[in-house]
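Notes for the one structure printed next.
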Amino acid sequence: MEVYGSNPTLLILESIALWNGLICFSFALIFNLFLVLSIVRYSPRHMGVYYKIVQGILSISNISLSGLVVVSRPTMHVHSGIFFFSAQSPFPISRPFLIFLLAVFIFFFVQNKGILATLMVYRIMLMRHGLHHIHPLFVLSLPIISLLITLPITSLLYVILSPTEEKLQRCMGSTVDSSISLHLSPYSSFIVSTIKIEDNTNWWFIIAMILLVLVLLSASIVINVGARKITRQATKARDSLQRQLARALYAQSLVPSILVQIPIGIGVGGALFNQDMDFFFHLLPIVSAWYTVVDPLIVFHNVRSYRHAIFRILRLPFWK
């Protein structure tokens, strides 16, 4: 594959990212389709409609995200106070479409954490009031609340990073040129923002990143507290299904943190202290592709009815 630059480590990571993405897309397609089929055909009656709908949507989103990683391979760079979020496609794709894919990638990982938090709230209400005592408007309000919280923040971050002519003229210099020539592939595009150049600090970018971290942290707290609460109540009520779902949702919230948010946090933090963190940034398309494979496996591992459904679908013996 033709890539600009001469850094051998980054060139190897580029090649690994492409093949890793193709392998993960194949596994993600199989596992997530099996999960959707299991949800549709073999969900217990008191699983809850909201859980089945949202988990099904997340499975379809996993397939889409896996394909997005193959096509765009999103990667970050921070050089001399300038932040780049780039798409490095191995295919000849137009620049506007690559920028759109970057926006979708940002939105997915923020919204994913928010929607998992709403699922945990739904499980808590289900245990307290029962399936028939939850008002449909309450269920409908959960994804709307998640969108109202996460969409403005991701939109603000994208507006700050969107490549306007003025911004490109201001940022376009030796730093940007060297970054593009060293790290980006021939079919690539990027969204960019200054963090700090000389004495000028881009506070809007910093505020957007802080709000993003606070939203992700708040969702993690809701999921963590909810999982413990459900586990205690389910143990008293001897409700194994609720315990299984609580464990699954808790693990599902940890996976993106471990695979994506921690490498990004280490990379950005190190770059702000003038450390070369390109290795961590180039891991992003590799580890984010595995998220789409691991996520359905977490559900299969923790929820017995869906695990048994695989044996039924494949017509294997001893599925119990």
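Each Cβ is built from the backbone N, Cα and C atoms, and glycine gets one as well.
Annotation comment: TrEMBL describes 16-37 (among others) as transmembrane segment. Counting only same-chain residues 6+ beyond the ends of the transmembrane segment (16-37), those with a CB under 8 A from a CB of the stretch are 1, 55-56, 59-60, 62-63, 66-67, 69-70, 73, 90, 282, 285-286, 289-290, 292-293, 295-297, 299-300, 306, 309-310, 313.
Taking Cβ pairs closer than 8 Å, the transmembrane segment (49-71) reaches residues 18, 21-22, 24-25, 28-29, 32-33, 35-36, 39-40, 43, 89, 91, 93, 101, 104-105, 108, 112, 115, 118-119, 122-123, 139, 142-143, 245, 285, 288-289, 291-293, 295-296, 299 in its own chain, all 6 or more past its ends. Look at TrEMBL and you will find 49-71 (among others) tagged as transmembrane segment.
The transmembrane segment annotation in TrEMBL covers 97-125 (among others). If one looks beyond the transmembrane segment (97-125) by at least 6 residues along the same chain, the residues whose Cβ comes under 8 Å of a Cβ in the stretch are 48, 50-51, 54-55, 58, 61, 65, 68-69, 71-72, 74, 85-87, 89, 134, 138-139, 142-143, 145-147, 149-151, 153-154, 157-158, 162-163, 187-189, 191, 212, 215-216, 218-220, 222-223, 226-227, 229-230, 242, 245-246, 249, 252-253, 256, 260-261, 288.
Below 8 angstroms of C-beta separation, residues 49-50, 54, 103, 106-107, 110-111, 114-115, 117-118, 121-122, 125, 191, 193, 202, 204-205, 208-209, 211-212, 215 of the same chain, each at least six residues beyond the ends of the transmembrane segment (137-160), sit close to that stretch. Residues or ranges marked as transmembrane segment by TrEMBL: 137-160 (among others).
Per TrEMBL, the feature transmembrane segment maps to 203-227 (among others).
Under the heading transmembrane segment, TrEMBL lists 248-273 (among others).
Here TrEMBL flags 279-300 (among others) as transmembrane segment.
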